[in-house]
Amino acid sequence: MIWNFHGLTIVGFKLRDPRVFMSCVLIVYTIVGQTILTFDHGWFQILLSLFVACATDMLLNYWKTRQIILPISGVITGLGLGLLVESTSPTLLWPYVVAPILAILSKPFIQVKGRHIFNPSNFGLTVLLLLFPTEVTTTSTQWTGSLVMVAIIFLVGSFSAYRVSRLDLVFSFIGGFCVMAFIEEMIRHNGFALAYGPLLGAGLQLFILSMITDPKTTPATRGQRIIFGLSIAVIDGLLRLVNNQYSPFIALFIVAACFPLYQTVFDAIRAKRYYTGKVIKESEKEQILL
């Protein structure tokens, strides 16, 4: 949808856009969480993150296209960070400004072959967690609710992942997580409930079904998506073994940063095999003709 208003072009979005569904899910989840599930977040912090993300997204798009593009991506990023980012002091507001700015700016400025490689929300959150550990944290306690809420999130997230053809990535991560949790239990003997418990938390489910299923920052082929999901699970498991409480976010950050190198090597090997096979076939044809 496109509108012209006094010489200014305003670009809307299509209702079939998967981002519309995800933004609606996050809006409903935020409202329910704040009013019923008693999330430990103030409305001001959430709305501040949402405003900064949308404003940055609109300004960036206007700078590139000279058009006002409705910031559907900004809504997803702003709400996600508004719920995930946790400042260590109630009066500390700058994380809710810096995180969405970093998230949105990562898309045009950190690219490989014309594509951004980091999920924006994950990038903004992880950078602050690594650089400002005493000022910024993220808590999982607010995300653990009733089994009904967990089931709803899983079903809605699965449908969203199905729409963008990323269910294979989801199941590969879950399978890898279960294997790493089993290894953790064999090493620590803390009980399977503690090892597998995070998988039932709504926080990790939202991470699985929204962050790692971002179609813009995940591989296009099924085989590479499976490797992508398993890699995140393995690194997440290793980080949990050293008691890193931010393990899934850091794991996704590491894999997203390294995966373009893997894809480059993989494409080079595949191209070499194709070229070698083509040369062999041409040589065989010449021998038959002789």
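Here the Cβ of each residue, glycine as well, is placed from N, Cα and C on the backbone.
Those TrEMBL annotations? Automatic predictions, nothing curated.
Over in TrEMBL, the protein carries these features:
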- 20-37: transmembrane segment (TRANSMEM)
- 43-63: transmembrane segment (TRANSMEM)
- 68-85: transmembrane segment (TRANSMEM)
- 91-110: transmembrane segment (TRANSMEM)
- 117-136: transmembrane segment (TRANSMEM)
- 142-162: transmembrane segment (TRANSMEM)
- 169-187: transmembrane segment (TRANSMEM)
- 193-213: transmembrane segment (TRANSMEM)
- 225-243: transmembrane segment (TRANSMEM)
- 249-269: transmembrane segment (TRANSMEM)
Message: Quick check for me: are there 3+ Cβ pairs below 8 Å between the transmembrane segment (117-136) and the transmembrane segment (43-63), leaving out pairs under 6 residues apart?
response: no
Recorded stretches the transmembrane segment (249-269) and the transmembrane segment (68-85) touching, at least 3 CB pairs under 8 Å: no
Field: Distant-in-sequence neighbours of the transmembrane segment (193-213), which means Cβ under 8 A and at least six residues beyond its ends
entry: 22, 80, 119, 121-122, 140, 142-145, 147, 149-150, 153-154, 156-158, 160-161, 164, 166, 169-170, 173-174, 177-178, 181-182, 184-185, 228-229, 232, 248-249, 252
Query: Are there 3 or more C-beta pairs under 8 Å linking the transmembrane segment (169-187) with the transmembrane segment (91-110), counting only pairs at least 6 apart in sequence?
result: no
Message: Ranking 43-63, 68-85, 169-187 by the number of C-beta pairs under 8 Å to the transmembrane segment (20-37), which range is first?
response: 68-85
